[in-house]
Amino acid sequence: MNSTGLSSVFSGCSDAAGIAGNIFAFVLFLSPIPTFRRIIRSRSTEQFSGLPYIYALLNCLICLWYGMPIVSPGIILVATVNSIGAIFQLIYISIFIWYADKGRKLKMSGLLAAVFAVFAVIVFVSVNFFYSHARQIFVGYLSVFSLISMFASPLCVINLVIKTRSVEYMPFYLSLATLVMSVSFFSYGMLKFDPFIYVPNGIGTILGICQLVLYSYYSSKYGEDSREPLLAPYA
């Protein structure tokens, strides 16, 4: 196979990995729907926290900016998945604010404004003070920090599973989708030679494997709780 054909195959594999990552990320973006169906039905945010959606929105915005051609040419699939994620988080936050009590409504609205302010500062600084590769490195480090923070959130769930000896709050298909998404974007990052993509998703892959191992162990030893979880993965 000549170099042109090899390059075409290589490009096709990276695109396939990126598209797979987009698909499984979409599944994860849909996962809080049961939580918000309950909020709408009860017309109250109850004891649910809106902070994870604020964090998720900021993460999506930073990674969206990293995937834009002006920052990182050639990884548009990173931009597409995070643009979809940002839209979902905005919808969830809007519903949360609508049904929250006055105090939480003000707090969430303030945090939402702060997210857009932080994002605007990041865009302004990266465009006006960094050029070409330096801009990619600056935004890349921010995206890695943001992604690792997001991937670290399952550690709380893992700790809860070990304490309660129950997989009630760690749905199997959600954990599987998280793992496959991480593997897909890890592969995408490796094929694009982009450490700002494959490093955090490599960590996500390890955490995803840990979740499935724990699920297998505790569900087989103690049984699988059939109750509907009160907390969604991002709630």
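Backbone N, Cα and C atoms are what each Cβ position is placed from, and that goes for glycine too.
Here the structure is a predicted model, which means the values were calculated and not measured.
If you check TrEMBL, you get these features:
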TRANSMEM  16-36  transmembrane segment
TRANSMEM  48-68  transmembrane segment
TRANSMEM  74-99  transmembrane segment
TRANSMEM  111-131  transmembrane segment
TRANSMEM  137-160  transmembrane segment
TRANSMEM  172-191  transmembrane segment
TRANSMEM  197-218  transmembrane segment
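Long-range contacts of the transmembrane segment (74-99) within the same chain: residues 15, 18-19, 21-22, 25-26, 29-30, 32, 36, 39-40, 43-45, 48, 50, 53-54, 56-57, 60-61, 63-64, 66-68, 105, 108-109, 112, 185, 188, 192, 194, 197, each at least 6 residues beyond the stretch ends and with a Cβ under 8 Å from a Cβ of the stretch. Contact between the transmembrane segment (137-160) and the transmembrane segment (16-36) is not supported, since fewer than 3 Cβ pairs fall under 8 Å when only residues 6 or more apart in sequence are counted.
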